[in-house]
Structures are given as C-alpha cells and as structure tokens.
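Trainee: So Swiss-Prot has the following annotated:
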- His114, His118, Asp301: Fe cation binding site (BINDING)
- Leu136, Val137, Ser138, Gly139, Gly140, Asp169, Gly182, Asp186, Asn275: substrate binding site (BINDING)
Amino acid sequence: MKDRYILAFETSCDETSVAVLKNDDELLSNVIASQIESHKRFGGVVPEVASRHHVEVITACIEEALAEAGITEEDVTAVAVTYGPGLVGALLVGLSAAKAFAWAHGLPLIPVNHMAGHLMAAQSVEPLEFPLLALLVSGGHTELVYVSEAGDYKIVGETRDDAVGEAYDKVGRVMGLTYPAGREIDELAHQGQDIYDFPRAMIKEDNLEFSFSGLKSAFINLHHNAEQKGESLSTEDLCASFQAAVMDILMAKTKKALEKYPVKTLVVAGGVAANKGLRERLATEITDVNVIIPPLRLCGDNAGMIAYASVSEWNKENFANLDLNAKPSLAFDTME
C-alpha cells in the first residue's frame, strides 16, 4: 500500500507552522516559526503584524517541512489547513498557501478546526479511545468537549468571559511580566505560597461553565490597591494564589463533567496544558480515568496537531473546495 503524506498548515494566530504526517500517526516534520519576540513589546498579538510575518516566512516553512520529512512536493497526498477560529488575516495567509499548493498539485484540501487540532494532538501519545472528554485550555478558549467518535465534537461547558490563558496574560501584564506570561507565572507560583484569598467563581454551581473575569478583577484590584498604599506584595505569592484559584476552578468543573459523562479517557490540551501546576493537579486528583496530555512541543499552536486532526476528516472524505474561506469565530456545536 502506498504511503500517505498529509501536508498541514497552521497560521491562526502568531505561529507560522507547516508539518508532514505519514500514514496517520508518524509526524515526520513540524516546523514552527514563532513571532513572540515581535509581539512582546506590544504586550499581546497585533493582528496586522502577525499577518505580515506569516506572509514573510510561510514559503520557507513549506520548504523546510518537506526537506525535514525527506519527501518532495510530488509525494504529498493531501493538504490540511486551519480555517478557524483565529485572526482572520492570519488564517487567510495559511489558507492561501494551502489552497495554492493543493490546486497546483491536484490534491484534496482538508479543512480543520483549530481546536480540534489541539484535541487530536493527543493522538501522538497513544490511540484515543472513544467516547472521551476533553478539557481545552488556551489563550482564546476554555471549554469542555465531549467526543463521541473521531471528528464528532460537542461543547458541554465553556467560559462565560475570559479564557484561562487570557487571564494569565492580563494579570501578567499588571505585574510587569513579559508576554506571554503563562510560563513565568507558573514558575513563580512554584516559588510562592497561596496566601491571598481570590474568588473561585461558579465553583459550587451545578453546571460546567467557567468564569475567570472575577478572579482577574480581584487580582488587579489587590495589586492596584497595594500600589496606591505604597505596599509591596510578593510576586511569587501573588502568582501562587492566582494559579491555585485557576486550578481549583478547572479541577472542579472537569470532575463534574466526568461525573456527568462517564468516559475512560480525558484529554487535556491547548497552550495552557503545558502548565506544570495543571499537570500536577491532574496527576494527583484525576486517577480513575486515563488522562492524556500532548507533549509540550504539541501543546502550543503547531501544524502537527492540524495534521493529526485531519485524519478523521480524510476518513470521512470531508474535503473542501478551493473557495474555502476563513471562519474566525468557528466553534464546535454545543451539546443539546
């Protein structure tokens, strides 16, 4: 049987990435050109800057991904691409490159939801057993997803306001930490003590919804009031207290979801899945199901995860025409 090679593109935010997946499960290359240094001085991602960077490097990323995989353009079987959610200008760069490659070589084009990519990155660890539950935590999303089978995703709970990664970046900015602040807050949290009483919104409510705006506001108010009074607060203790509140919320809602949807597997994915504190809490508190977390290199935005997610779409022959457009607000269906 002839080997199948999927060339995948990911440009939904500030990483330009191209990957090659062989026969459903062998990731031959996963090239990532990060723009973090360009956005640090702005304290966040500037959409126009992100789009321009994608344009500048995407051709080189394609060439490097193919070379690293040891294949040529003629060996590629199909092209997969993120078409949402994300920044519309950034998405369009990846879409344009993917569609051009597919058209030039007469290849099928596979549309992939960015969040499905995060979830299916877990496939790189071990074959997934369905049905499963997923906790997706990133800079733009915090949601619990029920997956009845590969490619069938239903939201069962999500944030009412800020995403967890967004909350990390906002409190990091208040403390003067560099963007993105998640990793630094995690490191500082392990050096401090949970001594500040921050709110855990909706933690006792019988639903699967999250809220982080109250926690974020309480943190900002505490920091601001201390500054006004000329008081000095321990950055380590602030980070430890903030992270403890975040983890309490995530753990409480995830446990409720596992009670409501009895599954054997929990996938935890997205950029925040790289958080050491989250991994520690999962290891000690959720022991009755198989918890799968993608390796660190596949937690952030990358095309490898898009390639993994494209396999189920290929199997369903879910191909797109060349008029495929960006859907910046694309979302999974909600469980009825």
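In case you wondered, yes, glycine gets a Cβ from its N, Cα and C as well.
On a predicted model such as this, the values are computed, not experimentally measured, just so you know.
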Trainee: Near Gly140 (substrate binding site), which residues of its chain come within a Cβ-Cβ distance under 8 Å, counting only those 6 or more away in sequence?
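Mentor: Within the chain, Gly140 (substrate binding site) has Cβ neighbours under 8 Å at Cys13, Pro85, Gly86, Ala163, Gly165, Glu166.
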Trainee: Find, among the binding-site residues listed as His114, His118, the one whose Cβ has the highest number of other Cβ atoms within 10 Å in the structure shown.
Mentor: His118
Trainee: Given the binding-site residues His114, His118, Asp301, which one's Cα is the least distant from that of Gly182 (substrate binding site)?
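Mentor: Comparing Cα positions, the closest of these binding-site residues turns out to be Asp301.
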Trainee: How big is the gap, in Å, between the Cα of Leu136 (substrate binding site) and that of His114 (Fe cation binding site), rounded to a whole number?
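Mentor: It is 11 Å, counting Cα to Cα.
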Trainee: C-alpha of Ser138 (substrate binding site) to C-alpha of His118 (Fe cation binding site): distance in Å?
Mentor: 9
Trainee: Counting across all protein chains present, how many other Cβ atoms fall within 10 Å of the Cβ of Asp301 (Fe cation binding site)?
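Mentor: Here the count is 26.
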Trainee: Could you state the whole-number distance in Å separating the C-alpha atoms of His114 (Fe cation binding site) and Asn275 (substrate binding site)?
Mentor: 20
Trainee: Widest Cα span across the substrate binders Leu136, Val137, Ser138, Gly139, Gly140, Asp169, Gly182, Asp186, Asn275, in Å?
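Mentor: Maximum Cα-Cα distance: 18 Å.
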